[in-house]
Amino acid sequence: MPESADPRDRLIVALDLPDVAAAERLVARIGDAATFYKIGYRLAYAGGLDFAARLAREGKKTFLDLKLHDIGNTVEEGVRSASALGATFLTVHAYPQTMRAAVRGRGPGLKILAVTVLTSYDDADAAEAGYALPVADLVAQRASQAAAIGIDGIVCAAAEAGAVRGRIGPSGLIVTPGIRPAGAEAGDQKRVMTPGQARAAGIDHVVVGRPITGAGDPRAVARTIVAEMENV
């Protein structure tokens, strides 16, 4: 399991907010309690990519959760553009052609993460989508493919971390959304753990959104999460 020099890097704050102004306010309130921020579709379509570039220039780390999946050339060029923004992580869907294209487009400093199965999915959802395998087996299969292709890490639920680690080895990254501090509501995530449980399960980075973005004191919540992971 790769170790970060700064324990704050283990926490990725999900900026699932409506606009850049709201994201700026939250980042300011969190201050030095967090160093790593995730930008997904909602904010990306509202000026979030320029904001990500600005965060990178200010020394923050950024995770562009764009889940790319298209023809190879489009993915490859899209990854190059993300790299030019100074992003640290970028997600693609874990389809072999997509992953190979992403690896071709990857620049220095950018790590590609493959999304195996959304953490909001359970076995019933996977079956409805037409997959014959249960979620755990599908995650393991895709993790093996990703490792063989040269992907840097895997996005998966904490419950699958052990199986994924066995497929990608000790140097691969495991990034887990659906993390909720003790007592927080699960929201739309179906497979969740606390930060401490996730760290004990071998997770490298945890993604936390609403428990921080909706908190009265987001800085304090971020500090508590980092401390919980440090003490594991």
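Glycine residues also receive a Cβ, built from the backbone N, Cα and C atoms like all the rest.
Keep in mind that this is a model prediction, so the values were computed, not measured.
Per Swiss-Prot, the features are:
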- K67: active site, proton donor (ACT_SITE)
- D16, K38, 65-74, T119, R180, Q189, 209-210: substrate binding site (BINDING)
Surrounding CB atoms that lie within 10 Å of the CB of G209 (substrate binding site), all protein chains: 21
Cβ neighbour count (within 10 Å, all chains shown) around K67 (active site, proton donor): 18
Reduced DSSP assignment, the residue listed as 'active site, proton donor': strand
Packing count at T119 (substrate binding site) (other Cβ atoms within 10 Å of its Cβ): 24
Other CB atoms within 10 A, centred on L66 (substrate binding site): 18
Distant-in-sequence Cβ neighbours of H69 (substrate binding site), under 8 Å, six or more positions away: V75, V92, H93, Y95, T98
Neighbour count (Cβ, 10 Å) for G72 (substrate binding site): 14
